[in-house]
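Quick look at what Swiss-Prot lists:
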- 111-129: compositional bias 'Low complexity' (COMPBIAS)
- 147-222: domain 'Carrier' (DOMAIN)
- S182: O-(pantetheine 4'-phosphoryl)serine (MOD_RES)
- D1770, V1771, E1772, S1870, H1871: Mg(2+) binding site (BINDING)
Amino acid sequence: MKPEIEQELSHTLLTELLAYQFASPVRWIETQDVFLKQHNTERVIEIGPSPTLAGMASRTIKAKYQSYDAALSLQRQVLCYSKDAKEIYYTPDPAEPPAAEEPKAETGKESAPAASAAAAAATQPAAAVAPPPQSAGPVESIPDEPVKASLLIHVLVAQKLKKPLDAVPMSKAIKDLVNGKSTVQNEILGDLGKEFGSTPEKPEETPLEELAEQFQDTFSGSLGKTSTSLIGRLMSSKMPGGFSITNARKYLESRFGLGPGRQDSVLLTALCNEPASRLGSEGDAKSFLDTMAQKYASHAGISLSSPSAGGASSGAGAAVVDSAALDALIAENKKLARQQLETLARYLQVDLTKGEKAFIKEKEATTVLQQELDLWEAEHGEFYAKGIKPVFSPLKSRTYDSYWNWARQDLLSMWFDILFGKLTSVDRETINQCIQIMNRANPTLIKFMQYHVELCPTYRGETYKLGKRLGEQLIENCKQILGQSPVYKDVSRITGPKTTVSAKGDIVYEEANKESVRKFEQYVFEMAQGGSMTKMKQSSIQEDLARVYKAISKQASRDSKLELQKVYDQLLKVVEGSTEIETEQTTQDALAIPTGSNTPTEEDELSTASDDDEIASLPDKTSIAQPVSSTIPNKTIPFLHIQSKSESGNWEYDRKLSSIYLDGLESAAINGLTFKDKYVLVTGAGAGSIGAEILQGLISGGAKVIVTTSRYSKKVTEYYQNMYARYGAAGSTLIVVPFNQGSKQDVDALVEYIYNDQKKGGLGWDLDVIIPFAAIPENGNGIDNIDSKSEFAHRIMLTNLLRLLGAVKARKTTDTRPAQCILPLSPNHGTFGFDGLYSESKISLETLFNRWYSEDWGTKLTICGAIIGWTRGTGLMSANNIIAEGIEKLGVRTFSQKEMAFNILGLLTPEIVNLCQEEPVMADLNGGLQFIDNLKEFTSKLRNDLTETADIRRAVSIESAIEQKVVNGDNVDSNYNKVTVRPRANMKFDFPTLKSYDEIKQIAPDLEGMLDLENVVVVTGFAEVGPWGNARTRWEMESKGEFSLEGAIEMAWIMGMIKYHNGNLKGKPYSGWIDAKTQTPVDDKDIKAKYEEEILEHSGIRLIEPELFNGYDPKKKQMIQEVVIQHDLEPFECSKETAEQYKHEHGDKCEISEIEESGEYSVRILKGATLFIPKALRFDRLVAGQIPTGWDARTYGIPEDTINQVDPITLYVLVATVEALLSAGITDPYEFYKYVHVSEVGNCSGSGMGGVSALRGMFKDRYADKPVQNDILQESFINTMSAWVNMLLLSASGPIKTPVGACATAVESVDIGIETILSGKAKVVMVGGYDDFQEEGSYEFANMNATSSAIDEFKHGRTPKEMSRPTTTTRNGFMEAQGSGIQVIMSADLALKMGVPIHAVLAMSATATDKIGRSVPAPGKGILTTAREHHGNLKYPSPLLNVKYRKRQLSKRLDQIKSWESSELNYLQEEAHLAKEEFGEEFSEAEFLRERTEEIYRESKRQVADAKKQWGNAFYKSDPRIAPLRGALATFNLTIDDIGVASFHGTSTVANDKNESATIDSMMKHLGRSEGNPVFGVFQKYLTGHPKGAAGAWMLNGAIQILESGIVPGNRNADNVDKVLEQYEYVLYPSRSIQTDGIKAVSVTSFGFGQKGAQAVVVHPDYLYAVLDRSTYEDYAKRVTARNKKTYRYMHNAITRNTMFVAKDKAPYSDELTMDVYLDPLARVSKTKNEFVFTKKSVQSDKSYVSNIANSTAKALSSLNKSSKGVGVDVELLSELNIDNETFLERNFTPEEIKYCQNSANPQASFTGTWSAKEATFKALGVSSQGGGASLKEIEIVRDGNGAPQVVLNDNAKAAAKAAGVKNVNVSISHDDFQATAVALSEF
């Protein structure tokens, strides 16, 4: 054939082939087989723009024909027209000239360290690195090479995937690398298209190496649009200012000799190794380029050479510069510049030396000031200088006055302590609590007590009986004292010092109860009696006789003297020899008539009839028949007494005044002392001080007190708050302020604050009492060491105390209300020594007693000096505690802090106050200490004796121990040594505890069988990601205020502090926890101690941590501002494309020009152009609730590519979802499809804002032209989070609904989820909410004044964790937070079938809007509509609320349904006959009966469900008499009184907390909640902050945990509940957790901006279990237990292996089955190879529709046509037979039947089936009935050897059958989990 013809035929063939390919289906696989196998083609040529088919042919040859070709010795060539033209046309390459010999490159071994160094540099690009050395000479150039397509493709793909080059294999295709992410794939293909101009067909399926080969032939070797743009962005965003691409290229050329092509390659390599942040200097940039060049060299297989060290000297014409000439030139230039500067200065009239002159003057002034400061410090000292700094701030004042709330809280705490057996008897502490409650009694509190006491279930045990008895008595007490003033009455035990020395030589001190003095009443008597040391010194009888003798003898005669001498001698002998006269007594004492003792005996003390009597006597006011003053012994000074000034000017004991004081003390001890309407200032009342005890007494007596503290902190304010919460009486107020009594400014500011009007920021008080007890110790300072501290102490205790009194005097406005000042005097007038100026300070105060007379302030201040005796345990005296017992043995008295406070408070009685107004009063409270001579020596001896005894015993103990060890061995003490047992962690992950069925039935016995469980929605799983980790760890902190060991371990794991290791560690096998940083083992017992502080610091509400928010620092919040530039700017360099864009924007205000060396462009912005310049402002929202630092999705097992792809909020949602599933016992989500169709699993979770990080990227980062992923838009959608959950975990095809309800989103989600389940659209739904925290939202919330200002809070002395304070007086806005919360909800019926844990029942949910308005965030009360209920003039409640009534109606309806079902089954024979006539020969009776029976059963179930729904679930709906809330509770036989807790939205805003409290209160009131039964208010946001979308989900989780534990967590930040909330009697605001005896139901309310109100009510699952029969419940309990064990194992493995989250890589069905599964609602998975998958058999299965019971029944019915005429069909519901009724069973079943049924797998079904068989048999007999109540015991159903039922008739039944002609009865029984059916046939 001629060549021309061949060419024409070839052309025709090619055309036809192309036409065929375009017009017909592609059959390329078959085509390849034809030419490769049939024709053995060796040369295959593709004609086209790229080697698409050629590539496929190459892969086919490699995979299919490799061995085939080898066998036939075929050498195939696959060529492409566009790529292999030379091979196709056989065009040889021209011969190349031999290359010149090149220097040897460095060896690979030598370059390896350089590469390693470069890699190290790349990991820390931002670190400060020394700039590379400057080239000493020219570098040898490397032959240039254009960029290869392989490198370009590799870089573009790796950069898009955010991976290093070595993590992207070239052997994989793009489709494989993107892992199914179509968006990323499209981005890569788009970038390749831009870069190369065109792409081959299906490039995503081609391996990168092949794709590179296809591109290489047409690739020019220059960078395209995409790579140029990326490099330009790298240079502008990560290089230091001024370091442009031109600089980079020049550096690479000079440093390494790289040409333009290789420079491009290095810059491409840099794209995959971008620094984390902008490099700081040019040196850093060059170091970075060095690293990138080395990476490129390693990749390209070349060696980089450095500049030649001798290059500078090797040049022939190198110039040499004379250094002297250079220096002269530089000096001349500087001189010229200086002359020009001076000339310009003269012209501008500027003095160049002005600054220097001013500096000299400032320096001189500074020197003078420094000298003065040095002098001042030298005189006063450093301690004094620091000590006088003022600290007072009225902003930091804390006011406590919410006694009304704490009274109810304390009462409940005591109540539950009694019920739980913690308080079993009435001790002093209990009586004290009762007194405090009585002090706060009001009508509301009495109603509160009455409700709990009257409804106390005493049948529960003795503790409940005790609680009722004591409660009734306390109620009576409170009623008696209503309207009376509160009193301070201390009923504590009196204690004394006791010091012992143990056998081991330890000195042990304790406060021991005094048995002889048990009450303060007896204590006062003891004080009045004094002691041996306080007796007045009197002469003896002998001395009196001697004086008489001398006086008489002077006047007597001589004889008389002799006679008198004789009588005197005889008297002396009588006195000395008498046993009746004590010679040491005075004459007066010897002749005195003894008086009766007032000391109560032990018998008197124990004579009370019962504990109740002691409480009952509390309100009584006892009249004192014989005052204690009458018992003061003559010539004895009481331990406590009042002194008056004698004529000599000395202070001496005054019996009259002392009597007044002691009688007042006695009255205070017996009847109490009130301080109502008293305004008091107390300083020096720190913990453990006398002042603190005084303060406690003042507020318990109703005083209004301002107390100061010099150590202001959260710990200190909590101390005072706790004191007030416990002791604050009605009408009392406690105000705490920071105050330094050493500062004059603070003294003035404090008094100004007290007296200023409230409008001026003050209190507007007028002080009645001043108790200035502030002091600091000066131990160890003698007169030779009076230092700075001593002087400062003197200033506090004297100077500024006087200033304080003077300031009060100056502000006193009336002379009729003087302030009583209790001066803290001391008996220590240098007695102890070495106490600095302490004694001098105290003595100097005594001058005020004289100045009261001599100065003009006597009508405004009164003086009462209190000489304070030895008080044990105070800061000043605690070191002397051990010798106090020895001191008391001398006959004096030391005091406890309570005793001394009682003594001082006794000075505030009206009688003493009146005395003070007449004259200054000196009260000696020294206990007789002043009568001890040489006190210092005696105390020293006591101390030395104790120390010596201790030393001796210690030495003896040591010696004995040594001897024992020598004799008995070293381990002799092992059995006696104290061992501290530290338990190991036990992480349980428990499911809710299930009670026994009998306990369940006691809860609600009438609920069994009442509800349609498919219309009951339950929570089976819940979880969260929040500031406190997860739901478990958050609950520990919320309920207990601290982490358990297990909680600490979990938090440490979450925060990346520890990880689990199983393998070799440092060469040894180790399994356990290790520190994540040091890789060292950590014992689980030590984790809490080691990491807890760091955990607490970096979790919860805290200062914003910039590393969590991409560097966002609110202290430097960045914003931009537009400015017009005033002069031309310096030019800068960028790419051509970017330069043109600048020109396009700025027009003639911008000049651009090309830079010839690099091809880059120079840009110059001209005057008049507008620029946006960044600025930073100090933003005051510095605090937020943040995810724990170190939280990482990788810890849970989420893949890296997913983390890089999605918004951070999506990660929170994924983790919360998988934890929620595990909480539900679901370890594989595909298990759902074993029970439900894929269309029945939905997701209704939502968010307020969605992916805010993605939104930020879309708007802010994109606007700033920062790198942003191209598919960022999809991550911003609110429904994307749900989409990821489905794509990675569920693979469901059910409803997806995405609520957006601002802060109410989560509860709205629950509402939608419930509706979705109840409507039948789904059976399992994921609900919840989620939101992130970002600076944009934070700023806008601040602009709305919705959030609290951290700066303002800091000024008020608040710590970050205190800044969210719902319900408090000082609440000031909500605190933002971030996180997610998810619940798994499903129908109760499904939950029971699956055996998943049921955490709570969702009894009700609702949403509501509010009224007309103009404010979107304004709070409203629309949600009150859940309590909508018409009352009108209706007198009687609806019978529908009575469960017994509803049960009766349901029973009737079920009987009707059973009758209908039986009749339908009976009619089936006739129906089959008619159908046979209709369908003819094709008719199958068996199939017809099966299908129709199934339909009847299904219809019966539907009718039963509707009946239960009508009378159980939905009876209240649309009934105006029954509120939705009331009806939802009544469904479970609960009332409005059974809502135990209301979880408040509680945002800590003024408006919300009041509005929400009013709403809940109105709701309870309208629905008739009992008075005195407030709900516990839970305000979770004090702990977590406000996460917006997740808020309701976290609250719901907390509500579930409340139901499970019975613990009601308190609002620990509620330091003082707002007075305005007192009006809401139906809400209690606890500040601490209270363990109750069970919570039945919890209400959760949520409110969102945009008129969103929502409420959900959860009920304890016990009320659901009460609906079940015993068999169903016990079967469920078994399956839950098994699931719990499985989940327990999974959770432990998940934590130790970081595999909690396991992403699904495929759906549970193959692609081929997708549509089949979708279209078959009965398709279910089966478990194959440990996986749940759909199979062909499971889709459209013949067995999936007709149930076993229908088959069995149909089979029995089909035999009716062939059998006898007596037929009986009976249907019984399993739920209707009460097998717990023993009487019923014994009456209707034989013992054998009972035994058989009880031993069956399902006793409920077995009994029901047997009963149905009995009924069917009776019907088959056709005999007359004996009535509905007749026993069926005579019809016995027995089982044969095969288990088949047989009928045995006995007695009357047998006789009736015989009379009817019945010979035998055959019966068939079938049942499922819903009903049992029996068909009986009689044989005649």
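Count begins at 1; order follows the chain as displayed.
Each residue, glycine too, has its Cβ placed from N, Cα and C.
Projection of Swiss-Prot feature records onto the structure.
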residue : record                              : Cβ contacts under 8 Å, 6 or more apart
S182    : O-(pantetheine 4'-phosphoryl)serine : none
D1770   : Mg(2+) binding site                 : K1458, S1462, S1812, A1813, E1815, A1816, K1819, T1877, A1878, A1880
V1771   : Mg(2+) binding site                 : K1458, E1461, S1462, L1465, S1500, S1812, Q1875, A1876, T1877
E1772   : Mg(2+) binding site                 : K1458, T1808, G1809, W1811, S1812, E1815, Q1875, A1876, T1877
S1870   : Mg(2+) binding site                 : N1748, I1749, N1751, S1752, T1753, A1756, G1809, A1876, T1877, A1878
H1871   : Mg(2+) binding site                 : I1749, L1774, A1805, T1808, G1809, S1812, T1877
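Neighbouring residues of the recorded Mg(2+) site, listed in sequence order and excluding D1770, V1771, E1772, S1870, H1871, comprise I1749, T1808, G1809, S1812, A1816, I1869, Q1875, A1876, T1877, A1878 (Cβ within 8 Å of the Cβ centroid).
For the domain 'Carrier' (147-222), the predicted model reports an average pLDDT of 85.
DSSP assigns S182 (O-(pantetheine 4'-phosphoryl)serine) to a helix. In the three-state DSSP scheme, S1870 (Mg(2+) binding site) is classed as strand. DSSP assigns D1770 (Mg(2+) binding site) to a strand in the three-state reduction.
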